[in-house]
Amino acid sequence: RFAVSVGYWKDPYIQYFVRQAKERKAPEINRGKLACYYARVHGVSYLIKAFLKKTDCNCQIVNLGAGMDTLFWRLKDENLLPRKYFEVDFPMIVARKIHNIKSKPPLSKPIMESHSGDSLLIDSHSLDSSRYSIVGADLRFSSDLEEKLKKHNLDIHLPTLLVAECVLVYMTPQQSANLLKWAASTFPVAMFINYEQVNMTDRFGQIMIENLQRRQCNLAGVEICRSLDSQRERLLLNGWETARAIDMMKVYSFLPQADVKRIEGLEFLDEKELFEQLMQHYCICWASKDSSNL
């Protein structure tokens, strides 16, 4: 929310979900983290749009652990909505998001505009329209997840993109393996995008873990975040045909350089080394399964 307000990228919808933070962090943390968010938003978005274009939007997206994400609204603005867009998160998070949607016309109107057919279903823990659904479920139990998604008209025969941003790391390796296996075995044509920590066994990674533990935040799946290879291996061992992983420094170098120059001018950063270390400790991984050779 802060990054958007400063001008790192445009998101007219986040203001309806998240209040503007009053405090301002130390500049090097601020600038480094904001640039990391910038690379994450653009990197993930690039892969999502590539999938939508390959399928001519004749596909579905399942956003796992979506939180207050605004991607549905942004895709609608760009005429890039898939046939159906699903979000999954804990029932408590889902209830908060649905409350915001119901009480804010700029959020509810686009859902109504894209809806067709029977009346829109909405209760405290789920929302189901013809193009957008929010489901309250625990991702650690894939049978429950599948049942709830199918109730909201998940079509396993449609090309499917699953997105998880900082989600799998909060599960045990076995739980995330089960989720990845379920996805790979359920959809004949699918892609999985995972954004998460990497290189967590070095000193910088250990400090990150200690800082999170001090805030009672336990990374149950951090052992998979050892390296880009361990991230790739997890995907390949759980049924995905191809898998790639790159750190965020690499992503940053691939972004349109004119825009990178623009954001680097927003705030002064002399702690380049800290910024680079932070970027080397996050990565984007993507895997695919493609029975129809898209």
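In case you wondered, yes, glycine gets a Cβ from its N, Cα and C as well.
Lifted from TrEMBL, the feature list:
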- Arg40, Gly65, Asp138, Leu139, Glu165: S-adenosyl-L-methionine binding site (BINDING)
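A C-beta separation below 8 Å, combined with a sequence spacing of at least six in one chain, links Gly65 (S-adenosyl-L-methionine binding site) to Val88, Asp89, Leu139, Ala164, Glu165, Cys166, Val167. Counting every protein chain shown, 20 other Cβ atoms lie within 10 Å of the Cβ of Arg40 (S-adenosyl-L-methionine binding site). Of the binding-site residues Asp138, Glu165, Glu165 has the largest number of other Cβ atoms within 10 Å of its own Cβ. In this record, S-adenosyl-L-methionine is bound by Arg40, Gly65, Asp138, Leu139, Glu165; the longest C-alpha to C-alpha distance in that set is 24 Å. For Leu139 (S-adenosyl-L-methionine binding site), other Cβ atoms within 10 Å of its Cβ number 22.
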